[in-house]
Amino acid sequence: MITGKTKLLGVIGHPVEHSLSPVMHNAAIAQLGLDYVYLPFPIAPDNLEAAIALLATIGVVGFSVTIPHKQAIIPLLAEISPVAQAIGAVNTVTRQNNQWVGTNTDIEGFIAPLQTTYKRDWSQQIAVILGNGGAARAVVAGCYQLGFAEIHVVGRNVQRLEEFRHSWDNSPIAENLQVHTWDYLAKLVPQANLLVNTTPIGMYPQVDESPLSTEELANLQTGAIAYDLIYIPKPTQFLQKAQQQGAIAIDGLEMLVQQGVAALKIWLQQDDIPVDVMRQALQKHLGLV
């Protein structure tokens with residue numbers, strides 16, 4: 001039951017009505033028996049500064065940040081973590097010492113399955129990343145953290161690819177990072193130990209689309225990991241095609257759950273988060289069980 005003592009968490013975005021975050025966070029809060037509630041806050045870009053001041057005034061403990069605010073919120077925060085600085089985006093904000101502090105848990109979300117269920121020695125391995133937008137930044141940083149020998153980012157716009165590459169110039173990641181246009185994929189796919197889709201191609205409602213065709217995936221190594229950040233539909237065409245070549249498939253639902261787990265650890269200041277409950281709540285909500 002919500003009372004005057006209930007502590008507030010939430011997610012800000014525009015739109016935010018379809019966010020899955022309240023489903024999994026409230027399931028975890030209920031399982032833990034805590035007097036918290038996690039709410040969606042639809043906030044238009046023009047209202048962002050006023051909105052986060054208001055969230056402070058009403059005592060919000062912390063909040064998630066989604067599109068289109070992940071970059072725009074940075075100058076409005078008192079402090080951001082080195083991880084958020086490197087990625088250039090914030091997805092988790094916490095109230096500390098009467099100030100807003102931002103970080104990014106997308107890296108933790110992305111690498112979690114690669115450190116647990118699918119753990120291997122990545123130091124001699126090659127990662128190929130499709131897309132060079134905001135999501136790709138977290139994936140690049142995650143691959144570097146895992147120790148990949150080579151990280152290849154593939155995009156369609158030469159100018160944006162160069163901007164992406166130069167944005168890492170002051171980071172040790174630059175040594176491992178190469179960028180390529182889409183026509184180079186025929187050479188990269190056979191080398192890939194990890195192939196990640198960070199593009200929206202294949203996301204609902206365009207469920208019949210894939211960033212790569214069956215022919216382009218034909219030379220993917222058996223046992224390579226295909227990882228799609230999309231979680232609706234499940235599985236995507238990209239993952240279905242990769243599995244037909246003998247690849248191991250990971251979808252975006254696990255990343256969503258694990259970045260949420262990392263955020264709850266920060267807000268609740270405890271390590272014991274019921275990840276299975278969060279995963280099951282999402283699967284049930286999406287009609288996957």
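Cβ coordinates are placed from backbone N, Cα and C, and glycine is handled just like the others.
Sequence annotations record features per position, and here Swiss-Prot assigns shikimate binding site to Ser19, Leu20, Ser21, Thr66, Asn91, Asp106, Tyr231 based on sequence analysis. DSSP assigns Ser21 (shikimate binding site) to a helix in the three-state reduction. With a cut-off of 8 Å between CB atoms and residues at least 6 apart in sequence, the same chain places Val11, Tyr38, Pro40, Ser64, Thr66, Gly260 near Ser21 (shikimate binding site), listed in sequence order.
The active site, proton acceptor annotation in Swiss-Prot covers Lys70, and the record cites sequence analysis as its basis. Within its own chain, Lys70 (active site, proton acceptor) has Ala89, Val90, Asn91, Gly134 as residues 6 or more apart in sequence whose C-beta sits under 8 angstroms from its own.
Residues or ranges marked as NADP(+) binding site in Swiss-Prot (evidence: sequence analysis): Gly131, Asn132, Gly133, Gly134, Ala135, Leu229, Gly252. In sequence order, Asp106, Thr198, Leu229 are the residues near Ala135 (NADP(+) binding site), counting only same-chain partners six or more apart with C-beta under 8 A.
In this structure, of the binding-site residues Leu20, Leu229, the smallest number of CB atoms within 10 A of the CB marks Leu20. Only Tyr231, from the binding-site residues Ser19, Leu20, Tyr231, place their Cα within 10 Å of the Cα belonging to Gly252 (NADP(+) binding site). Of all residue pairs in Ser19, Leu20, Ser21, Thr66, Asn91, Asp106, Tyr231, the annotated binders of shikimate, the farthest apart have Cα atoms separated by 18 Å. Among the record's NADP(+) binders, Gly131, Asn132, Gly133, Gly134, Ala135, Leu229, Gly252, no two C-alpha atoms are more than 17 Å apart, and one pair sits at exactly that spread.
Ranked by CA distance from Gly133 (NADP(+) binding site), the binding-site residues Ser19, Leu20, Tyr231 have Tyr231 at the top as the closest.
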